[in-house]
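One structure is given here, and the rest of the page talks about it.
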């Protein structure tokens, strides 16, 4: 996995904190200085800067940034500076609170993170909201979608690589029967997707493709009028099977012609910059014959654009 973030091996948290303080002082905020510091620091370094800032000025850097910045730029910087587990807790909460719950975010967090990282997000959610992630998911969804999302978000999968071929075959058959009968809410489907290890699920998906000559994700979408549950299952399978391809498509959809979905664009860039954004950029280029940097630059502007491009690893 290749990150896109360009961060120095050593930095002085105190000097960074002082430079940020200076950026807040005087007439207007020096956004360029904020981008040049925070846009080039990894999670541990950002945490150290927050601590140094608090020690030096008895003030919370996150709150200060919120008051100094605005719009999409503020949102992106706010999400970036948070500890990754806390950030995912915030993203989940924002997704849950939308008029129509954005189940994609809940599925990304449940199906792409490692079991330990998912646990950390659930802890961060408790701490921040004084409720559990699963109770909020359950309170804002209903029916089959609720069953699926609660099962995914409470999963603690085995993280090893061992697989059982016999199970792969029998569960590929179960999934095939459910899709054939349009029984997407079948409890076996939810059981398989929410309890099996990723390695085991990928073995089942591969078995499915070998036996039926079509991938399970393509088969799920044969129906043109697919419902919400079908879309959610499709997203879950793609997140488990190939997260980078999933994120490439998310970004592609976010910067389609009919207006940019800044929330989705920010989410992918901010959450993947330290993980695999370089790989996602390569996939994007292969798929669209234009670099992601170029596409983002075309669809965004101002400090927001400069910040995203910095996280994408664009050299100044």
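Every residue, even glycine, has its Cβ placed from backbone N, Cα and C.
Nobody curates TrEMBL annotations by hand; they come from automatic prediction.
What TrEMBL lists as Ca(2+) 1 binding site is 24, 26, 28, 68, 259, 299, 300. Feature annotation from TrEMBL assigns Ca(2+) 2 binding site to 255, 297.
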Rounded Cα-Cα span from residue 297 (Ca(2+) 2 binding site) to residue 68 (Ca(2+) 1 binding site), Å:
23
Neighbour count, 10 Å Cβ-Cβ cut-off, for residue 300 (Ca(2+) 1 binding site): what number do you get?
22
If you measure residue 24 (Ca(2+) 1 binding site) to residue 255 (Ca(2+) 2 binding site) at Cα, how many Å is it?
31
Nearest-integer angstrom distance between the alpha carbons (Cα) of residue 299 (Ca(2+) 1 binding site) and residue 255 (Ca(2+) 2 binding site):
7
Using the alpha carbons only, what distance in Å do you get between residue 26 (Ca(2+) 1 binding site) and residue 297 (Ca(2+) 2 binding site) once rounded?
29
C-alpha spacing of residue 297 (Ca(2+) 2 binding site) relative to residue 28 (Ca(2+) 1 binding site), in angstrom:
24
Cβ atoms near residue 255 (Ca(2+) 2 binding site) (within 10 Å, other residues, all chains):
20
For residue 297 (Ca(2+) 2 binding site), write down the residues of its own chain that are at least 6 apart in sequence and whose Cβ falls under 8 Å from its Cβ; none is a fine answer.
305, 309
Round to a whole number and give the Cα-to-Cα distance in Å for the pair residue 255 (Ca(2+) 2 binding site) and residue 300 (Ca(2+) 1 binding site).
9
